[in-house]
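Asker: Below is one structure. I have some questions about it.
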Amino acid sequence: MIRLLIALFLLLASVAPGFAVNPDEVLADPALEARARAISAQLRCMVCQNQSIDDSNAELAKDLRLLVRERLKNGDSDEAVISYVVSRYGEFVLLNPRLEAKTLVLWGMPAILLVAGIITLVVAARRRGARVPGAPLSDEEKERLDRLLRP
């Protein structure tokens, strides 16, 4: 019985993301619906933040799904729909940000800082090893040091 319940739970959990898009949102044209689903999978839900609007049940995600479908019905291209949503919500709405100079800096900065840190450590280690040992103390300096260190 427990195995049956576990199997049923796993089956229901595996199809749960398919329920995010309500039947009243589905377009009659299968090609447009496929494009709408593909676009919705690329856009982040601003409420859930780690889900696409295709997977989210939030009201904002529903509104965005309807907006995507409406724009597609009006003849917009996929890129035009995505650009429209980005213009209203910013780059953060994209689950996979576009490759631009600022994203290259964001992704490249950790590697640059790592290389700079390694170079700094190597230079510091070489400088430390290159120090010339001091000259030995003279008898007078040893005597003075002994006097200073005695209680």
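Heads up, the Cβ atoms here are built off N, Cα and C, so glycines get one too.
Take a look at what Swiss-Prot says about it:
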SIGNAL    1-20  signal peptide
BINDING   Cys45, Cys48  heme binding site
TRANSMEM  104-124  transmembrane segment
Asker: Pick from Cys45, Cys48: which of these binding-site residues has the biggest number of other Cβ atoms within 10 Å of its Cβ?
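Answerer: Going through Cys45, Cys48 one by one, the largest Cβ count within 10 Å is at Cys45.
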Asker: Please classify the secondary structure at Cys48 (heme binding site) using three-state DSSP.
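Answerer: The three-state answer is coil.
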